[in-house]
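Student: One structure is given below, represented as structure tokens, and several questions about it will come after.
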């Protein structure tokens, strides 16, 4: 059933938080290659580029940037936090329906007392040749706008092998009759805010706690092409045995991250 538009008493006090982790997986055979991958991914997702992505996110959703704090770290990693504010807006003009959010050159929305932040975590292990890159992103808003409108754009910008997403609505707001409302928009699944092309690229599963207004979606890239996971190595340079070993190693790593548990080796 579609929710009726609420006439609120004062400001909308609901807090809506969207957080997600994206993972990029790579195989680097030698220590030099592992160091090279970490240096490459650290440069690709340095503080300046992350600031550009988050600033574009603010532009898409129509937020005013109040302050930007950014930092690159040694030996690797970066963080960016942007505080944003809302422009005057009529809540009746806000689209709260359940559908994919905008990409660049699309609809704008507005935020208040809100922030967008990202932290990156490159890592590798000397045994096995596996390297992973994780970016944690959070978009938290107060008011009538759902940060889910930014989800579509951000995942397109940070295309990765695995994505885990959490969305939660906290607090309550009152209508003019004093009745408390703990959510002000319809949502059955985070997936409903994703574009069809994104859905076709990933296997997904939901774990939702509707009565607590908590929603969780996991995404695992469907298509696997080994050449996209090798750093400074070509698949044709591998023996059939090495090709299979590395493929199995990468798939095991991706499944473990997707399911959030270690998978015992067979045999």
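Backbone N, Cα and C atoms are what each Cβ position is placed from, and that goes for glycine too.
Found this in Swiss-Prot, in case it helps:
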type     : residues : note
ACT_SITE : 114      : active site, schiff-base intermediate with substrate
ACT_SITE : 119      : active site, proton acceptor
ACT_SITE : 142      : active site, proton donor
MOD_RES  : 114      : pyruvic acid (Ser)
Student: Sort out for me which one of 114, 119, 142 has the most neighbouring CB atoms within 10 A, since those are the active-site residues we care about.
Tutor: 114
Student: In whole Å, how far does the CA atom of the residue listed as 'active site, schiff-base intermediate with substrate' lie from that of the residue listed as 'active site, proton donor'?
Tutor: 6
Student: For the C-alpha pair, I'd like the distance in angstrom between residue 119 (active site, proton acceptor) and residue 142 (active site, proton donor), rounded off.
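Tutor: That comes out at 22 Å between the alpha carbons.
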